Amino acid sequence: KVYGRCELAAAMKRLGLDNYRGYSLGNWVCAAKFESNFNTHATNRNTDGSTDYGILQINSRWWCNDGRTPGSRNLCHISCSALLSSDITASVNCAKKIVSDRNGMNAWVAWRNRCKGTDVNAWIRGCRL
């Protein structure tokens, strides 16, 4: 599923991401835009053999199990395929675990490069939340 911007913002808010660990909703919507273009089915292979899955491009080396990443830690205790669902609950729950780590949202390269230090509230402007 490809979410609309405000549709995704509403879903993320409902699932408790707004100001989770101090990151406003705009940060999460911005990260999803530049990680997956709001597409829950997005997958991208990395040079180390791991793969990033779903709307927030969660990595199989650390966070989920795809059965083909050597030494996967599966810290979210989830199958990577669950992160491709049109229902983003599994992705959000895993993202909460990731952002609680010491790096916070810096774990997402696209957030670090495209969202950090910008006016992320623009991503939720005009949305009825």
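Using N, Cα and C of the backbone, Cβ positions are placed for all residues, glycine too.
As written in Swiss-Prot, here are the features:
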DOMAIN    1-129  domain 'C-type lysozyme'
DISULFID  Cys6-Cys127  disulfide bond
DISULFID  Cys30-Cys115  disulfide bond
ACT_SITE  Glu35  active site
ACT_SITE  Asp52  active site
DISULFID  Cys64-Cys80  disulfide bond
DISULFID  Cys76-Cys94  disulfide bond
Query = Out of the recorded positions listed (Cys6, Cys30, Glu35, Cys127), which are within 10 Å of Cys80 (disulfide bond), Cα to Cα?
reply = none
Subset of recorded positions (Cys6, Cys30, Glu35, Cys115, Cys127) lying within 10 A of Cys64 (disulfide bond), CA to CA, in sequence order = none
Ask   = Quick one: DSSP breakdown of the domain 'C-type lysozyme' (1-129) into helix, strand and coil?
value = 53 helix, 14 strand, 62 coil
Task = For Cys127 (disulfide bond), identify the closest of the recorded positions Cys30, Glu35, Asp52, Cys76, Cys115, judging by Cα separation.
result = Cys30
Query = When the Cα of Cys115 (disulfide bond) is compared with the Cα of each of the recorded positions Cys6, Glu35, Asp52, Cys76, Cys94, which one is closest?
reply = Glu35
Query = How many whole Å apart are the CA atoms of Cys6 (disulfide bond) and Cys30 (disulfide bond)?
reply = 11
Ask   = Could you give the Cα-Cα distance between Cys94 (disulfide bond) and Glu35 (active site), in whole Å?
value = 15
Message = Give me the count of other Cβ atoms within 10 A of the Cβ belonging to Cys30 (disulfide bond).
response = 26
Inquiry  = To see if you understand the setup: which same-chain residues, six or more apart in sequence, place their Cβ under 8 Å from that of Asp52 (active site)?
reply    = Glu35, Ala42, Thr43, Asn44, Asn46, Ile58, Asn59, Ser60
